[in-house]
């Protein structure tokens, strides 16, 4: 009898978790990321059509630039609102609400009769995008185990790139209104699948819903005994939420400040590398470069190979780590951007480039590939890793408002530099920013590969002992130690 009890106990403790339920939940949530990709990729096939009167009314080049840049300004609304909601109604129900601002713009674009409605549609797109960048990394980071969190964290970026690829394919060959109707399919698929997915166990523990948290963990891990992980989450949450959680504490507690400014730096680098602004105007770029392929064909090839590159990086990010991929991505992007800028200089001065008509497509394809391996994925992944639970929603709200301002500024900057100085100038500017990013990625970004969320917080505190607090080890005075600046 004792032997059978011992065997049963051993079996329970040796039970291994399964990762497929975590991937299932994330892939369902990623339908929203695909919708975000539609927003980010929409200008590429749509800008030439807008200028040619595809919607039945005239849109000037100046109005087109505002149509492009107004979407990121929606982050200023979506990000803080979602930062409030994810701690009130939960990660899952916040994501479900985001289906509304993903569906509404499709309807507005399909039925618009003037440029004002187009502005409104793009603004709502930006609200949805800003909300998604605040909520989805949190959900993905909190439902996944450390050994697969790197792969799962890249699915957000993967969904965006898939959306950009799809909108470049069908958006290039059908009218804008038809493309808007096709885009409705993805948020509807999200509404069908995601209600069946579990809530974040971290959120449930924060709300003291321990039985629901236990049930969520059992579904996500496919294990009968999840008590060890639940105890660990409770200890982590207890420590993190017992820390001060005001806006001021983001900037006065050392670990919060370091995590905040690391993500701030990553977002600045991501946007000023030009990876999104160039995607907005990529068909215009190919048209000016006089490449051997049509602008639409070149844009589709770029987007398709980006998706393949990100698929590879989702494995490499947990194999080699975040820092090496980001370093490589910055270095490769700097070389390719400066090279592309030089091509436009030669073109501007009238050199015969007929033997190099293949060059713009190859250069832009390689740029999009190396960008997908780090500059697109790593900031999105680390946004869900570096912030303490006590300030995560507030900090992400601020950070994603900043992201929206950067997106709007860089997209307008690209249009202004191209119009006033020539296409080579924005490429040189973005190339220099990537050189700065090489230094930042080496000295300013902590490695988070294979670490739990609690261990990452200890790294940010400068604690070299990564033994996670199980809840039994308490400070002598019974209080949480706060490393204030």
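Placement of Cβ uses the backbone N, Cα and C atoms for every residue, glycine included.
The structure displayed is predicted, hence computed values, not measured ones.
Features reported for this protein in TrEMBL:
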DOMAIN    25-449  domain 'Major facilitator superfamily (MFS) profile'
TRANSMEM  63-86  transmembrane segment
TRANSMEM  93-111  transmembrane segment
TRANSMEM  117-139  transmembrane segment
TRANSMEM  151-170  transmembrane segment
TRANSMEM  176-197  transmembrane segment
COILED    203-243  coiled coil
TRANSMEM  264-286  transmembrane segment
TRANSMEM  298-317  transmembrane segment
TRANSMEM  324-346  transmembrane segment
TRANSMEM  358-383  transmembrane segment
TRANSMEM  395-417  transmembrane segment
TRANSMEM  423-445  transmembrane segment
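The listed stretches are 93-111, 176-197, 264-286, 423-445; of these, 264-286 has the most Cβ pairs under 8 Å to the transmembrane segment (358-383). Looking at which of 93-111, 151-170, 298-317, 423-445 has the most CB pairs under 8 Å to the transmembrane segment (176-197), the answer is the stretch 93-111. Contact check: the transmembrane segment (298-317) against the transmembrane segment (151-170) gives at least three Cβ pairs closer than 8 Å, residues 6 or more apart, which meets the contact criterion.
Residues 40-41, 43-45, 47-48, 68, 164, 172, 293-296, 298-299, 302, 330, 333, 337, 360-361, 364, 367-368, 371, 375-376, 378-379, 382-383, 399, 402-403, 406-407, 409-411, 413-415, 418, 423, 426-427, 429-430, 433-434, 436-437, 440-441, 444-445 of the same chain, all 6+ positions outside the transmembrane segment (264-286), place their C-beta atoms under 8 angstroms from a C-beta of that stretch.
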